[in-house]
Ligand SMILES: *Cc1c(COP(=O)(O)O)cnc(C)c1O
């Protein structure tokens with residue numbers, strides 16, 4: 001959606017995404033970086049984000065062939081990886097035509113690829129399960145899987161990859177164990193390596209390998225808990241400003257409840273603002289009283305339960321606030337990660353949950 005009657009919109013700062021991509025590259029200077037733009041670039045608009053990075057990204061990663069074809073149809077070239085590979089053998093014809101690289105994480109995918117008759121050599125990323133225990137071959141299977149792919153005339157470049165379960169816990173040994181398991185499986189084999197998500201780009205230099213796969217950091221959010229400070233410390237810029245406006249203001253006496261279920265009871269005479277955004281737009285319904293929000297650049301707090309189309313906030317002390325004033329849900333002033341923590345979720349879910357009726361406005365600066 002590009003226009004809407006409501007004042008609600010998500011401004012996407014494409015220059016910030018480029019800055020964050022460069023940051024990921026400079027943190028892992030000997031690696032190439034696949035920009036992860038799955039799930040509509042974490043809600044930021046995949047085509048616009050990929051175009052903004054087209055001049056400099058080493059490649060892109062998406063979850064499925066539909067996401068890849070959307071980008072190819074928009075004119076985007078260069079390496080593009082399907083992070084879950086294909087879901088059926090028929091898809092390999094699309095992969096062939098669009099020149100995509102595929103993850104191979106199981107026996108079925110391996111057989112489909114070996115039996116395919118593509119017109120070009122297909123690049124493939126062999127996924128190993130080193131501890132995430134979701135998908136991937138056992139480390140002990142690597143040598144055999146790799147040898148079969150190496151012997152197949154229509155398989156092109158091969159890369160070995162794995163994914164971390166706890167890379168955001170910078171003091172935890174689990175990531176080190178995963179790295180060792182991966183290197184042991186590959187020992188003696190000359191093959192490209194890819195291990196690092198954003199957390200590993202930032203915190204596990206020994207896992208940078210030949211290709212990194214930054215996602216959330218491109219959008220300006222640190223993958224670590226207590227993320228606000230970390231994000232600025234690691235030089236990331238928020239890429240999304242979710243903003244709306246005040247549509248009503250009222251004064252309530254002490255003791256009056258606000259909204260559904262009367263969750264918030266005014267502790268004192270309270271000026272309440274109403275902003276046009278609700279959970280149908282992707283603002284988390286579980287946001288607690290006290291979740292930060294900014295009105296005209298000044299921080300205040302959510303009070304009362306989030307409704308489908310509206311939220312209520314505390315304007316006490318913000319005497320100059322008027323209907324129509326801008327309200328920032330997250331962005332420069334309110335870190336998305338803080339709203340996420342205050343709602344028992346993560347910024348990934350907030351971004352990918354932005355509703356269909358929120359226009360994305362792409363800006364260069
Ligand atoms: C989504 C994804 C990433 C990106 O993870 P972030 O935490 O957003 O950096 C990297 N690798 C794989 C396999 C993924 O699915």
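From the backbone N, Cα and C atoms, a Cβ is placed for every residue, glycine too.
Not measured: the values here are computed from a predicted model.
So that you can see what the record holds, here are the features copied from TrEMBL:
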- 38: active site, proton acceptor (ACT_SITE)
- 260: active site, proton acceptor (ACT_SITE)
- 134, 308: substrate binding site (BINDING)
- 239-363: domain 'Alanine racemase C-terminal' (DOMAIN)
- 38: N6-(pyridoxal phosphate)lysine (MOD_RES)
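Projection of TrEMBL feature records onto the structure.
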residue	record	CB count, 10 Å
38	active site, proton acceptor	19
134	substrate binding site	10
260	active site, proton acceptor	11
308	substrate binding site	12
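The predicted model assigns the domain 'Alanine racemase C-terminal' (239-363) a mean pLDDT of 97.
Checked against residue 38 (active site, proton acceptor) by C-alpha proximity, the recorded positions 134, 260, 308 yield 134 as the nearest. Reported as a whole number, the C-alpha separation between residue 308 (substrate binding site) and residue 260 (active site, proton acceptor) equals 11 Å. Looking at residue 134 (substrate binding site) and residue 260 (active site, proton acceptor), their Cα atoms lie 40 Å from each other. Mapped onto DSSP classes, the domain 'Alanine racemase C-terminal' (239-363) shows 18 helix, 45 strand, 62 coil.
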